[in-house]
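Let me begin by presenting the structure, written as structure tokens, before commenting on it.
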Amino acid sequence: MSFDTAKYPTLALVDSTAELRLLPKESLPKLCDELRRYLLDSVSRSSGHFASGLGTVELTVALHYVYNTPFDQLIWDVGHQAYPHKILTGRRDRIGTIRQKGGLHPFPWRGESEYDVLSVGHSSTSISAGIGIAVAAAREEKNRRTVCVIGDGAITAGMAFEAMNHAGDIRPDMLVILNDNEMSISENVGALNNHLAQLLSGKLYSTLREGGKRVFSNVPPIKELLKRTEEHIKGMVVPGTLFEELGFNYIGPVDGHDVLGLVNTLKNMRDLKGPQFLHIMTKKGRGYEPAEKDPITFHAVPKFDPESGTLPKSSGGQPSYSKIFGDWLCETAAKDDKLMAITPAMREGSGMVEFSRKYPAQYFDVAIAEQHAVTFAAGLAIGGYKPVVAIYSTFLQRAYDQVIHDVAIQKLPVLFAIDRAGIVGADGQTHQGAFDLSYLRCIPDMVIMTPSDENECRQMLFTGYHYNDGPSAVRYPRGNALGVTLEPLQKLPIGKGVVKRHGEKVALLNFGTLLPEATQAAEALNATLVDMRFVKPLDEALIMELAGRHEALVTIEENAVMGGAGSGVNEVLMAKRKPVPVLNIGLPDHFIPQGTQDEARAEIGLTASGIEQRVRDWLA
């Protein structure tokens, strides 16, 4: 989309933060209004993360106005809220390409702009990185400032508190801003509290506070009295005791939509020494009523009509794999009150909304705490319950030690329902589910299943749920299922594949939902086709039979080729001293950027024609 300077006259003056800082402070509210309208206009035309960015407009403007970015280093946690940041840092005219193939990255990305200090996508990394950046800046001795912006969801993760605990110990000069959008602005966020925030962030208060500590450090009764008096005064309006105990100077909460107030507070805080903590209150979806009323639905949106405020309904195709999982969960819970379902803050995405409403006593959203989710599930299993951990492939990476140490070593019957496996699409490198088969396959006693359609997905969930000899995992992709008939639930024989087509010379061994593409390729090649179903344990007898009857084998999976299911087939053949040529087809050895799922698969060659051509070229 072309930029309309007449529609956004103030924003038109800002193509860099240097230009932003030339504006008179009085014009910043108008700039915020135009920036918010431009964000609505661009995202509604192109799709993307939406409600979070609407809530951080004033904060973004104030930060770039006060701090000398990119010299001063600004770090966004996760990055959903960083669209206004991208617009103000030279990417305004390309914002309509965000999340598209060849377009702007969906999150702050180091390779895209010098303003993007840390590449992000997963939550709760900003403070840890910020401490390292602040320590490096201090050694540089150029008065470079470090600011981290983290949301109220991301700060619940253990990593954020580990980082703050460390910051309180080594005391780097840095600012952590908590963007708290869980509630509307409360009554105590008004003129009095904004005035107090500026007072508490001012140099006079800081000097008196530190000076008083030094003067009275050797007079314990007076020091304790001063501490209690300070806590009493601040406690009337400041819910920051926890952050103070971690070693931060806490300021807030303040109105995150008062851009002029934010500018004043940030100016006061910029030169303070040691770790500072600013708590701001914002409203997710601010300035666009439909998003304010339903920020979860408007968190990430397709193209939509901003006038009506209604998002396009699903085209009515087949249900998603997430819904297939959610329906199975409800069906199982209706018969078994031992089922316990766990999600790390992904209720909607994992298809668990209906389950959470029907079976609230069996549903646990542990927030952004993947490590805790897995070990919590281990505890439930020890207690005689049957835990199901619903988690995205990319987020299970964050709990790898817990899978090994707390579940697998103890052979606890925990079922992992791994959503978003394989190519995810528009969220790019940080969200592709490329590695789960590789990092789970090496864990002893782990059963790993790869359904080829929704019926197999249900059967495998049922099989894993009733498997009591250790952990099991079922991985399925983002997107709609195929529309096959759903059969009555029954346990599958562990580690057994199914021959789908008999052919000559070449056998295709498929793992997962690429079976339709593999079927077309097998027909074109007159190849044998097998739905392997299990990555672990592999059907070794079937592999050896296929190797004995064919000149070559081809493995197909939507996982990294290195260490994936195909590698397991190679290992079986080598161990059995059966040196048959094997072609492993899967995800290449690089991080896959944003684009649609179809675009990514076409580029990689995971289409029917792509698979066929790869095999023909290899055999030639």
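Just so it is clear, glycine is given a Cβ too, placed from its N, Cα and C backbone atoms.
Per Swiss-Prot, thiamine diphosphate binding site is recorded for His80, Gly121, His122, Ser123, Gly153, Ala154, Asn181, Tyr288, Glu370. In the three-state DSSP scheme, Asn181 (thiamine diphosphate binding site) is classed as coil.
What Swiss-Prot records for Asp152, Asn181 is Mg(2+) binding site.
Across the structure, His80 (thiamine diphosphate binding site) and Asp152 (Mg(2+) binding site) place their CA atoms 13 angstrom apart. A separation of roughly 7 Å, to the nearest angstrom, links the Cα atoms of Asn181 (thiamine diphosphate binding site) and Asp152 (Mg(2+) binding site). The record assigns His80, Gly121, His122, Ser123, Gly153, Ala154, Asn181, Tyr288, Glu370 to the thiamine diphosphate site; their largest pairwise CA distance measures 32 Å.
Cβ-based neighbour count (10 Å, all protein chains) for Glu370 (thiamine diphosphate binding site) stands at 27.
Asp152 (Mg(2+) binding site) sits 14 Å from His122 (thiamine diphosphate binding site), counting Cα to Cα. Within the same chain, residues at least 6 positions away in sequence whose Cβ sits under 8 Å from that of Gly153 (thiamine diphosphate binding site) are Ser123, Ala345, Ala367, Ile368.
All chains included, 20 other C-beta atoms sit within 10 angstroms of the C-beta of His122 (thiamine diphosphate binding site).
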